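Copied over from TrEMBL:
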ACT_SITE  HIS223  active site
ACT_SITE  HIS268  active site
BINDING   ASN224, GLU253, ASP255, GLU302  Ca(2+) 3 binding site
BINDING   LYS351, LYS353, SER438, ARG465  substrate binding site
BINDING   ILE565, ASP567, ASN591  Ca(2+) 4 binding site
BINDING   ASP620, TYR621, ASP622  Ca(2+) 5 binding site
COMPBIAS  365-390  compositional bias 'Acidic residues'
COMPBIAS  391-402  compositional bias 'Basic and acidic residues'
DOMAIN    63-87  domain 'EF-hand'
DOMAIN    88-123  domain 'EF-hand'
DOMAIN    409-525  domain 'PI-PLC Y-box'
CARBOHYD  SER103  O-linked glycosylation site
REGION    360-402  region 'Disordered'
Amino acid sequence: MEPDGWIRCMGKGMQQGMVMRKVKSRSWKKQRYFMLQDDCMTIWYKSRKTGNAKSACECHLPKADKNRDGRMNFKEVQHLLKMMNVDMDEHHAFRLFQMADKSESGTLEGEEFVLFYKALTQRDEVLSVFQEFSEDGKKLTLLEFVDFLQQEQMEGEGVEELAMELIAKYEPSETAKARHVLSIDGFLAYLCSPDGCIFNPTHKTLFQDMSQPLCHYFISSSHNTYLIEDQLRGQSSIEGYIRALKRGCRCLEVDCWDGPNGEPIVYHGHTFTSKIPFREVISTLEKYAFQASEYPVVLSLENHCSMEQQDVMAQQLKGILGEQLLTTTIDGRVPARMPSPEELKGKILLKGKRLGSLEDALSGEPEEALEPGELLEEEEEEEEGTEPEEEALRNEDKRKEKPSLSKELSDCIVYCKSVSFHSFQHSQSHYRLYEMSSFAEAKARKLIREAGNEFVRHNAWQLTRIYPSGMRTDSSNYNPQEMWNVGCQMVALNFQTAGAEMDLYDGLFNQNGSCGYVLKPGFLRDVETPFSPESLPQSNPLYLAIQVISGQQLPKVVNSKEGSIVDPLVRVEIHGVPADTSKQETKYIDNNGFNPQWGETLRFRVQVPELALLRFKVEDYDKTSRNDFVGQFTLPLSSVKRGYRHIHLLSKDGTAIPPASLFVHVQITELSESD
């Protein structure tokens, strides 16, 4: 079962109650019964051996219960609150303590502690929304819930059926379900669920047209995929390929060099990075290529091998990948357009140099050799500022040492033949649609500045790959957004390096079923388009208002001092064309990571929403130094659901950090030309 499906099953099972086994060793195993409570945060468990029920929130108790008597006095409760990232007013905390202390013993135990925890986690801001639509303040009738879904959540057709479906799904009371009403617990469960998430759940599945030419898609792409650390001394590992493929990456890179015993190896040449056999990389690709996505994988070859080892590469590619490897056009004819991801399902394409053209190969004509002085592997562009004379000498040395290209390996290159770039006009008049060029980030930026319109038109009919500067030896990343703005398809990043750039990457590619392909906006697919990042297309500008209401159980900053509590603020960022790129932030809240309340509205005007990404970042404010990262979430503006929504935060490396979340209200309004 896929991970998402397993989580959904777990969630449903936990609501109904399920048996799980705790295993410490082969001999120590215990079964316990778990059940998610109405607040969607508390989990009860019952030992099969003793039959005693406990709340999972009681897992804090041993650490906070200093004298180990199974009870908690007020001082111990205060210590527990610090552990839970709560700096609550002492008088308020004591009022909650007294309310829960039903035995009036001055301590909390069992049910009393659970009562205290429920009072602590009560969501007043959610209750306020609930009561706004509930006539009696205790329940939402079907019609009241329909009103909420229409007026606030902006749900469209079939809203009554949707309301009944949501009540059946999230209302914990069987009596309420039978009457088609929603309690506050069911309402909160809905808002905390995927159906109440800011990310449109239909966009989590495959929803885009996959039958368009390959060049009409943004394609998830990795740079030097074999590296899992830095570019000079880092470890090379097949783990880099496994991680990238599991994230839905569809364009991988492999640098091939002559190895011992006639076996090609993969590593970052002329550095101290470790080496791995080419055979292992291809075996890994065969195993993992289509686990996360069934759409085509492009393997970008940087080939430094001798003729003999190139033949070995070709034999290993064909022998290990078999039918997965594409070695001719899909219909045996010269392509009149690039094939689509749909037509290339389950196929692995090679990108690299090729002898002659597809036309010659398919007609039986003899294939020509490489052009005089043409580099065998993909030529990496030099950084801006390189002295022309030095560059010429360096390239001359490269040309002298380059071997010829193996025909057996050349024949494996079909739709992604690498060619050197001279100018957009030269590409239009001399190159074919199955040929493509690669650019270092600095060269790409220069082309964007000097010929943005031409770059867009070029990317509407031919593939382009962008890769990081050679100066990024620490495996840092450039901003991919500026490359997407002109329609570059393969914007390769160092996947091993977490940060804002990979947040944007995950934000873009988490849509469309995380299949690694995202259809470009129409104005980036039209060769006649007038669009460039500086001259906006005929688009539908939007007004975006985001009310940041509250946060829930924000984690402590990694490696923070014991007893420290976050002072959270929320920064909301728009990433898109230059005119749209902006950010705003809330004030910070002193010492409250448990349930901070902001109630601030941030407003944006977005000219090109089709290219905009929305990023929420929570930071721990520090007036004397740089703010610390707490969590983030990024998504396409086109995937944002309106109304009251939860944002489930992710860690710096993109993994979930439940139950940390933000509660927001989103308003999106289309603007007319006069606005």
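Any Cβ shown, glycine's included, is placed from N, Cα and C.
All annotation found in TrEMBL is predicted automatically rather than curated by experts.
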Could you name the residues, excluding ASN224, GLU253, ASP255, GLU302, of the same chain that surround the Ca(2+) 3 site, i.e. Cβ within 8 Å of the Cβ centre of those residues, in sequence order? HIS223, THR225, TYR226, VAL254, VAL266, HIS268, SER300
Given the recorded positions HIS268, LYS351, ARG465, which one's Cβ is surrounded by the fewest other Cβ atoms within 10 Å? HIS268
Please identify, from the binding-site residues ASN224, SER438, ASN591, the residue with the sparsest Cβ neighbourhood, meaning fewest other Cβ atoms within 10 angstroms. ASN591
Between ILE565 (Ca(2+) 4 binding site) and ASP620 (Ca(2+) 5 binding site), what C-alpha distance do you get in Å? 9
Treating G and I as helix alongside H, and B as strand alongside E, what does DSSP give for the domain 'EF-hand' (88-123) in helix, strand and coil? 21 helix, 1 strand, 14 coil
What subset of the recorded positions HIS223, ASN224, GLU253, LYS351, SER438, ASP567 lies within 10 angstroms of ASP622 (Ca(2+) 5 binding site) at the C-alpha level? ASP567
Looking only at HIS223, LYS353, the recorded positions on record, which one has the least crowded Cβ, with the fewest other Cβ atoms within 10 Å? LYS353
To the nearest Å, how far is the Cα of GLU253 (Ca(2+) 3 binding site) from the Cα of HIS223 (active site)? 6
Applying the rule Cβ within 8 Å of the centroid of the Cβ atoms of ASP620, TYR621, ASP622, what extra residues of the same chain belong around the Ca(2+) 5 site? VAL566, ASP567, PRO568, LEU569, TYR588, GLU619, LYS623, ASN627, ASP628
Any idea what the model's mean pLDDT is for the domain 'EF-hand' (88-123)? 84
